[in-house]
Structure formats: C-alpha cells, structure tokens
Amino acid sequence: MTIDDKYVYRFEEGKAQGDASLFELLGGKGAGLAEMARLGMPVPPGMTLTTEACRSYLDQGFFPEGMEIQVRKGIAWLELKTGRGFGLPENPLLVSVRSGGASSMPGMMDTVLNLGISEEVVEGLARQTGDRRFAYDCLRRFVQMYASVVMDVDDALLEEVLVGHRQARGFEHDSELSWEDLRDISESMRLKVVEQTGRDIPRGPYGQLWGAVEAVFRSWNAPRAKFYRSQHAMTGGWGTAVNIMTMVFGNLGEDSASGVAFSRNPSTGEAQPYGEFMVGTQGEDVVGGRRQPGPLSLAEEEEGGPESMQRLMPGPYEALCECMERLEVNYRDVQDVEFCVERGKFWMLQTRAAKRTGQAAVRIALEMCEEGLIDEKEAILRVDPKLHIERALHRQIAGTPGEALAYGQAASPGAACGEVALSSEQAARRSSEGADVILVRPMTSADDVEGLHAAVGVLTQQGGLTSHAAVVARGIGTPCVCGVQALRIDEEARGFYLAGEFFEEGETITIDGGSGQVFGEALKLKEPQITGNLETFLNLADRYRRLEVRVNADSAAEAEGARKLGAEGVGLCRTEHLILESAEAVRAMRQVLLTNDWDVREKGLEELVTYQRHELAQIMRAMDGLPVMVRLLDPPAHEFLPRTRAGRKSVAEVLGLSEEAVKWRVEALEETNPMLGFRGGRLAMVYPQLYEAQVQAIVEASRQVEDEGVRTGVEIAIPMIADPGEAQHLSAVVHDAVARHLYGMTRDTDVKVGVMVEVPRAAMLAGELALEADFFSFGTNDLTQLMWGMSRDDASRFIDAYREQGVLTEDPFEIIDRGGVGQLMRKAIRQGRLVHPQLTIGVCGEHAGEPTSIRFFEALNLDYLSVSMFRIAGARLAAAQAFIAEGKSARYGEAWRGEQTPMRRQGGGES
C-alpha cells in the first residue's frame, strides 16, 4: 500500500463517495450510510475508513501510510460542513467512532460516542446547547466508553462508580443526577482509569481519535468477535471499517430521542414497522436495556406503559416510516435501522439487513414475493436452510401449562427447558457437559456471546425487543424472554427471585419466547411440525428441487415423523441400531458370536430374524411404498459383546459355558483398531449366516407388509466394501437369500442390492463395483476419515488450530472436502455410471444435510440425500437453492421430479 491509496470515503445528505455495492470495502455500516446519503436521506456528515486500512494495520501494527493525512482532511471537511471545530472549546465538534465489518455482527465490536470532548471542551458544549447537564452527561458517557473500549478497563468497575454515586445520592435512575453529579462521576472514573492502567484518557481530540480507531481495528480480532464469526461460518480476512460521523444527540431533552427500528417485525415477519425508542437518550441506552423503551406506533402502546413515538413525535415518526419504506424497496429486504431525533430534527444513523427468526424469514420471503419485490428464486435463496429452517422448527410447550410465574417481552420464539446458569462461563461449561442450559442475566452484552450460543434459552431482567439479548437470540434461533420485571438476580446467593420465589443456579425452569411466559418448573415440550407459511414455502422450494431427500431412520417413530417433514424414503436404516435398542436382540447376537454350538447359534439367528422382521415391517408401513434402504450389519463384533464381569457371567449362563470361556472368546474378538477391523462385509465373509438372517428378516417384513396391501421399496446395502471380489461374493450371498425367501410370492417385489462406498479403494474401483450393484450410497463420514487418516471423534482436538492458523478454512467433517473426498466421489460416479448408466447414487453421511455440501452433490448429479430427521426441511431448501445456483429452471425441476418413480431416478452423466 502506498501514500496514494484511498482509505477515506466521505458521505453527507444528498451525496457520497461510496454506495451499497462497496460493502466489502466500506463494511456494512459504511456502505449503508453511503447509500442512505446517496438517496438523499438525513444522514449526519461523516467518513468511513476502509477495511483495507484495517487489514494493513493488523498486518503491520501501525496505520498505513497516508491514512492519517486523509483522516485529518476529512475532519477539516466536517468542520467546514458543521461550522464547528474539533477540540475547539468555544464551538466543539464531537464525533462517533463505530466499527462495521462486511457482514453484520450485532453487538460484537466496538463503539465510542462523543469523541472530542474533554474537561476543557465540556463547558463550550454547554454554552453551545444551553444545557450544562447534557454536556456533562456526554462527558461521563465518553469517559466510560473510551476507558472500556480503548483502554481495556473492566466496564463493571466503571459501572460501580456510577451506581455507587447514584445510590449515595438516593437516586434510582441516572436521569435524576445533576450536572455536578455527572462532573464528579466523570472525574472519579478518570481516577479509576489511571489506577487500573497508569495512564489518563487523552485530552486532545486527535489523541482520542487515533486511540479509538486503533481500538476498533483491534476489535476485529477480539475473542468475542472471532467466536461469533466461527459460530456463523464467517470466513475470510475482511477486517472492519471505521465510521467517523458527526454526533447528533438524542439526549438533548424532551424533544430528542434515540431508537432502533425494523421495516417489518423481525420476530413474526408481519409487514409493519417495529421497534423501540427512548426520549432523552443516546443510542446505546436503547439496546443496553437499562431503561424501558417506548413503542414506535400508537397501536403498540400498552396501558400503563410508555407512550409511543407516533404520539410524542409524530413528525419524526412519519419521517422514519418513509425512510424505512424507501430503504426496503431499495434493498428489496427488511432493514434494521438506527435513528436519532435532535431537538425535533430526524436523523438516520444506520441501515442493514435485519437479523430475523426463521418464522419471520419464511413469511417475509413469501410476502415480498407476493408483493413483487422479489421473484420465487430470490425468495428461496433469501432463507437460510440451517439458521432459518432448521431453527424455525422450534419446540413448543405441550398441552396447556398452568399459570406462568412471570411474564416478559416475547423476544425470540420457541420454548426451552433447562437448568439455570447465571453467567456465560457457567452456561458454556454446563453445555459442554451435555446439559440444556437457560442463561439468566440482568441484561446481556457482547461479552456474553459464548454463553448465548451455548444456551438453549435466554432470560433477562432488563431490556426490550431490540436489546442485545433479543437481537442476538433471534439471530441464532434461540428462544428468549426479555425485560422480566419480576426477576431479581442475587449473585451472592447464586440464584434469583422470580415473583418472590427463590431459585438456585442449576434448578430447572421453562421459558416460552413466543408468549413471554416464564415457568418455575420443567414442562414437557413437543416437537415442531411443518404447517402454515413454512409448509407453503417448502412446497415452493420443492418445485425447484431435483435431489430427493430421504431420512436416516432406525425406528417406525422416526420414519413416521420424517414423512410429516417431507422425507421421500429411508436412505439409511442401520440394522445394528435395531439390535442395540433391544436387550433380547443383543442377547441373540451374543449367542451367534460367542458359541461354536451350531444349534445355539441357529436359535440366536432365528431370534434376530423375528425381532428385525417386526421392526423393519413397521418402518416399511410408515414409508408406505417409498424406498427403504436397509444397511446390513456394519460395526465391529465387539460392540455387541459384554464389557463387564456381570455381563460375561450372564452370557455364560445363557450359553451354558464357563465364565472363563466367555471371557476368552470376548478377548479373542477385541481389536487394536476396530474402525479398520472386523466389521461390515468382513463379518459376513466369516459369518455369512448373519447377513443371510438379516436378508430373511428384510424380505419377510416386505412380504408381510405387501400382504396387507402396502407397497414396499426395499433396498439392501452391503457396508465397508473395499474390493470388487468382496462385493461380488457378498452380493451373491444376499441375492441368493433374497431369492430363497421370495420363492412362491405372487407379487412382483423388486429388491435392490447395492454397496456403501466409504473406503477409498472402493471409490477408486467404482467401475468394477457398479457391475455388482443396483445403487451406490456414499458414506462420507467414513470416507472422510479414511481419506484424511484422522478419526472424526478425535479431530475436534486439533481442527480448530488448523483453522485458526489458516491451514484449513473448513472442518472436513462438517463440510465436504471438495478437493480430496469430493474429487474421489466425482471419479467414482463417472466410473460407476460409465458401466451402469441406470446406477442410482445417494449420500448418507453428515454432509448430506449441510448446505455447502449439498451444492456440491447437486453439481455431481447425485440422486438423493439421506439426512437425520430434523435436517429434512433444511435439506429440502438447500437442495432447491443448489438447483437454482447451478442455473437450472423450475420447469426442468418439476419435470424431473414428476417423471421419476420413488424407487429409482433415471441416472445420467455427471454435470
């Protein structure tokens, strides 16, 4: 970078040097300010320091050459525009310094307001405005913000100064403090800063400014910001822009205010302006939750509550609604805006795409499509499969609960039940131990980000619908109730009072983020269903989807639930799970593995057939003619064996053997590396009777169900195949068993036999395997482990280190490794379909439900995905988005889906 590089972009009402398209350079906030200015909206004059300047600073440790000169010229321009002087006591210019990355990270990074003020300047501000209390309130806010953000002083220490002074004066609210109180508080905070850091807050305006700019740049790498980006899969080294803007003041008396608004309700999606405002405050007060804000419109006023902006400030209210309407049309998306009213004059301070709940995202997409703002494809692409669809399926309280113990603001929908955690650290710790946790706080801040992500629900004493807790909870799909007046937290007692009843940390409560209710007990929750707008939206998505979506199901209950969520068959039924769920089946399996007595082994096999036939028949009934792919036994033999002395003794009694003989046999079956050992097809090479018995159960279950008049679509998969000869041998075993047990049937039952492609060697020899198979099913979990030479269970210990150091950008166990595993899949598909054009190919690993991976699978022209039950809806949408992204039309999608049978799609070459 050179001195000629441009680092500063200016904006003012009516014109700007940037626009919305420059969001990567100017950050979301800077690009939004430039766009509003360009549209002629009332935006205070200001400038944006680019993300390139931030990256340069983070790389070198100092500002890039030329940046400081450009900033000083920008300040001179602001002085000219406002008629004020930066640091000039007689007529001071104050500015705000705010961060703004390319992607929105609400509340994660840093802001400093009222910069340029000092003990020398404050009296000039008082004369300028005619309000000494306001001037000293600005000074107090600046000292507290600057100390916390720039000098890393714990804000709790500064808050203690404020609260202590207020209590000493016998006041309940900050608004009761006089200018003398605020002056004394500011000085006490300064002394606290010196005590903590050994340094004073700079008095000169440029000293303050450079410190604030550096702090904002550094905040890009703050732990909370990095954690937020990792949780939201935000990769790349964009850095943050810095927005320096002339201060406008919402705390200049009764004709001034600050607020946050949305062009549509971000919780429900209703097409009405939604938000909150507070008279006589600065913006941080609204989202901070220390005072109860008022609603925007008359319709939202509640008896005994604050009056609305529409009532108190009708002119600014109309200006706000007009701006939001124009912005929504301009961006064709719901906008989240910040605004200020200074002595009756309305100002816009920010606009960005609104974070929204899944429920709202779906409704907004459908209604904007109906309104003609966006088309069907864009409506489909606007909704996030994971964030909006999977999390839109919130659990609800089952039945009719008793009277709620307390009520608050319904900030983010869904019900949650869990143990109370009073700190983010406790929430993260207990969540990592497997507990469902509800985070209970007076209010939340950016420092609570880890706890907010760990919790299944959030409950706060303070704050409204636009508070930090509400915004973050809605963004991550977590149920949240805010502003519960009956809640009082007692940190010393490690508990809280709710409507007078005391609860200790660790006790269980239930919250309903859709109604704002809080219950002091564990209530039963019911699983979600696809109805209403969500059903309409997913049906729309299905018109643009080619990939079939099946479910991984090991029980009739899962299969029935999956049908309700739109599953088009079972893509993986793990027969070992059927066995492990039943003590009787496990005992029968042990008889097969631990005895050399053929009669005892035969009896065990008969019991396995009886049990599995019953379970599989139930799954086939639930699928009602849709395909059911049953994977034959896959895990190592030792998983079925007794691990304790008591278990071995019990088995010995059943088998009529000595305990020592059972122990010896168990030890003989133990393995050094079970994952690569005696499992899958290798079991059947030694014990072919195991697979023969399983095939008997599958075929008899199919016959039984078809005799009831229900069609079945049976597919049998042989797992852990590595060699074409192995596939040929075991396929013959399966086909022979199928033929034996289908003998005499009058119905035309077609049983497909295929192989799991999960060993790299099998993928390399796919052309030969395809000669023996009706279908391939990629098991990408094992395929990834074997390609990378790492265990999925252990990789979490070091994968994060690889990502932090830039070696990996993605976890290959979460998102398919397109360069390695993906290329092997591409080769296998090409070879398989070359020799077997009608070969059906699916994928059933965890990657099958992940949107980025689904895009890759669409490009590979796979036939189906098989996912866990609660990823079905998200996979349906992700498959439609992948279809659109590949440039295919809805008409093609409908034709493709309409002409194929549930059993087999007509294959075709790889795209």
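Positions of Cβ are set from backbone N, Cα and C atoms, glycine also.
These come from TrEMBL:
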- His468: active site, tele-phosphohistidine intermediate (ACT_SITE)
- Arg574, Arg631, Glu758, Gly779, Thr780, Asn781, Asp782: substrate binding site (BINDING)
- 24-61: domain 'Pyruvate phosphate dikinase AMP/ATP-binding' (DOMAIN)
- 70-298: domain 'Pyruvate phosphate dikinase AMP/ATP-binding' (DOMAIN)
- 317-370: domain 'Pyruvate phosphate dikinase AMP/ATP-binding' (DOMAIN)
- 436-516: domain 'PEP-utilising enzyme mobile' (DOMAIN)
- 533-882: domain 'PEP-utilising enzyme C-terminal' (DOMAIN)
- 284-311: region 'Disordered' (REGION)
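Here the features listed in TrEMBL are painted onto the structure.
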| residue | record | DSSP class |
| --- | --- | --- |
| His468 | active site, tele-phosphohistidine intermediate | helix |
| Arg574 | substrate binding site | strand |
| Arg631 | substrate binding site | strand |
| Glu758 | substrate binding site | coil |
| Gly779 | substrate binding site | coil |
What same-chain residues lie close to the region 'Disordered' (284-311): Cβ under 8 Å, and 6 or more beyond its ends?
-> 107, 111, 113, 141, 145, 173-174, 257-261, 272-278, 317, 320, 443, 445, 460, 462-464, 466-469, 471, 482-483
CB contacts under 8 angstroms to Arg631 (substrate binding site), restricted to the same chain and 6+ apart in sequence, sorted by sequence, are Leu572, Cys573, Arg574, Thr575, Ala717, Pro719, Met756, Ser777
Under 8 Å, at least three CB pairs between the domain 'PEP-utilising enzyme C-terminal' (533-882) and the domain 'Pyruvate phosphate dikinase AMP/ATP-binding' (24-61) (pairs 6 or more apart)?
-> no
Identify which of the recorded positions His468, Arg574 has its Cβ surrounded by the largest number of other Cβ atoms within 10 Å, counting every protein chain shown.
-> His468
Determine which residues of this chain, when Arg574, Arg631, Glu758, Gly779, Thr780, Asn781, Asp782 are set aside, have a Cβ within 8 Å of the centroid of the substrate site's Cβ atoms, and list them as they appear in the sequence.
-> Leu572, Asp634, Pro719, Met756, Ser777, Phe778, Leu783, Cys844, Gly845
Within 10 Å of the Cβ of Gly779 (substrate binding site), how many other Cβ atoms can be counted across all chains shown?
-> 24
Report the largest Cα to Cα distance, in Å and rounded to a whole number, among the residues Arg574, Arg631, Glu758, Gly779, Thr780, Asn781, Asp782 that the record lists as binding substrate.
-> 15
Close in space but at least six residues away in sequence, with Cβ under 8 Å from that of Asn781 (substrate binding site), the same-chain residues are Glu758, Arg792, Phe813, Gly845, Glu846, His847
Find the shortest Cα-Cα separation between the residue listed as 'active site, tele-phosphohistidine intermediate' and the binding-site residues Gly779, Thr780, Asp782, and name the residue that gives it.
-> Thr780
Quick one, of the binding-site residues Glu758, Asp782, which Cβ has the fewest other Cβ within 10 Å?
-> Asp782
Across the domain 'PEP-utilising enzyme mobile' (436-516), DSSP labelling yields 18 helix, 29 strand, 34 coil
Surrounding CB atoms that lie within 10 Å of the CB of Thr780 (substrate binding site), all protein chains = 27
Taken over the domain 'Pyruvate phosphate dikinase AMP/ATP-binding' (317-370), the predicted model's pLDDT averages 96
